[in-house]
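Inspection log for the structure reproduced underneath, given as structure tokens.
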Amino acid sequence: MKKEKAVVVFSGGQDSTTCLFWAKKHFAEVEAVTFDYNQRHRLEIDVAASIAKELNVSHTVLDMSLLHQLAPNALTRSDIAIEQKEGQLPSTFVDGRNLLFLSFAAVLAKQKGARHLVTGVCETDFSGYPDCRDVFIKSLNVTLNLAMDYQFVIHTPLMWLNKAETWKLADELGALEFVRNKTLTCYNGIIADGCGECPACVLRKRGLDQYMNEKKGANVR
């Protein structure tokens with residue numbers, strides 16, 4: 001893979017930034033694509049652009065505002081509360097988001113001569129999102145190859161990692177402090193450690209605390 005080119009689906013959050021560092025290690029050339037889908041916090045796009053610039057990665061922003069029209073949800077509408085009722089998907093789930101993002105990323109990748117796609121979806125901490133499952137990614141990979149007559153490979157470095165293990169990977173890539181201080185995961189639009197209260201921040205902090213405690217314990221032995 002080292003001699004090939006990859007396109008990373010990039011939001012500027014913890015997971016996709018970790019994947020960007022992973023891709024830079026594994027591929028000769030890396031580009032990033034961010035989607036503007038009228039997300040609640042436009043800062044996400046600015047953060048993604050800033051990180052890409054700092055890492056010297058070519059960055060494309062694609063307009064996906066139709067998602068806002070088709071699938072109102074808590075990530076695009078400030079009047080919808082961030083919550084998860086028993087037996088239902090979280091209000092932050094956007095129908096078709098990863099399907100569309102990866103499909104458009106594939107079109108872009110083919111135009112740029114890349115066949116590798118990298119995404120930070122994860123089944124371990126996937127919060128019930130059906131489009132973060134490994135079976136979906138494998139199915140979409142086959143579909144994209146058939147639809148475009150092109151041999152794409154979708155990479156999911158975080159698929160079987162929990163949040164603590166994702167922090168560990170960032171650390172192994174020499175990017176832990178970068179990811180901690182410069183990414184935007186918070187649903188309330190606060191960079192770095194975030195608000196500490198929304199589901200994304202709680203998951204992120206729990207994972208970081210677990211990893212740092214494990215690392216500390218390993219160093220004591």
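Including glycine, each Cβ sits where the backbone N, Cα and C put it.
Marked as ATP binding site by Swiss-Prot on the basis of sequence analysis: Phe10, Ser11, Gly12, Gly13, Gln14, Asp15, Ser16, Thr17, Thr18, Cys19, Leu20. Under the heading Zn(2+) binding site, Swiss-Prot lists Cys186, Cys195, Cys198, Cys201, citing sequence analysis as support.
Structure with Swiss-Prot features highlighted.
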{"residue": "Phe10", "record": "ATP binding site", "Cβ neighbours (10 Å)": "31"}
{"residue": "Gly12", "record": "ATP binding site", "Cβ neighbours (10 Å)": "24"}
{"residue": "Gln14", "record": "ATP binding site", "Cβ neighbours (10 Å)": "25"}
{"residue": "Ser16", "record": "ATP binding site", "Cβ neighbours (10 Å)": "24"}
{"residue": "Thr18", "record": "ATP binding site", "Cβ neighbours (10 Å)": "25"}
{"residue": "Leu20", "record": "ATP binding site", "Cβ neighbours (10 Å)": "27"}
{"residue": "Cys186", "record": "Zn(2+) binding site", "Cβ neighbours (10 Å)": "23"}
{"residue": "Cys195", "record": "Zn(2+) binding site", "Cβ neighbours (10 Å)": "13"}
{"residue": "Cys198", "record": "Zn(2+) binding site", "Cβ neighbours (10 Å)": "18"}
{"residue": "Cys201", "record": "Zn(2+) binding site", "Cβ neighbours (10 Å)": "18"}
*Taking the mean position of the Cβ atoms of Phe10, Ser11, Gly12, Gly13, Gln14, Asp15, Ser16, Thr17, Thr18, Cys19, Leu20 as the ATP site, which residues outside that list, in the same chain, have a Cβ no more than 8 Å away, listed in sequence order?*
Val8, Gly120, Val179, Thr183
*asked:* Name them in sequence order: residues not among Cys186, Cys195, Cys198, Cys201 whose Cβ is within 8 Å of the mean position of the Cβ atoms defining the Zn(2+) site.
replied: Thr185, Tyr187, Asn188, Ile190, Gly194, Gly196, Glu197, Pro199, Ala200, Val202
*Specify the secondary structure state of Ser16 (ATP binding site) as given by DSSP, simplified to three classes.*
helix
*In Å, rounded, how far does the Cα of Thr18 (ATP binding site) sit from the Cα of Cys186 (Zn(2+) binding site)?*
16
*Can you check what DSSP calls Cys195 (Zn(2+) binding site), collapsed to helix, strand or coil?*
coil
*Using Cα coordinates, what distance in whole Å links Gln14 (ATP binding site) and Cys201 (Zn(2+) binding site)?*
10
_Under DSSP, is Cys201 (Zn(2+) binding site) part of a helix or a strand, or is it coil?_
helix
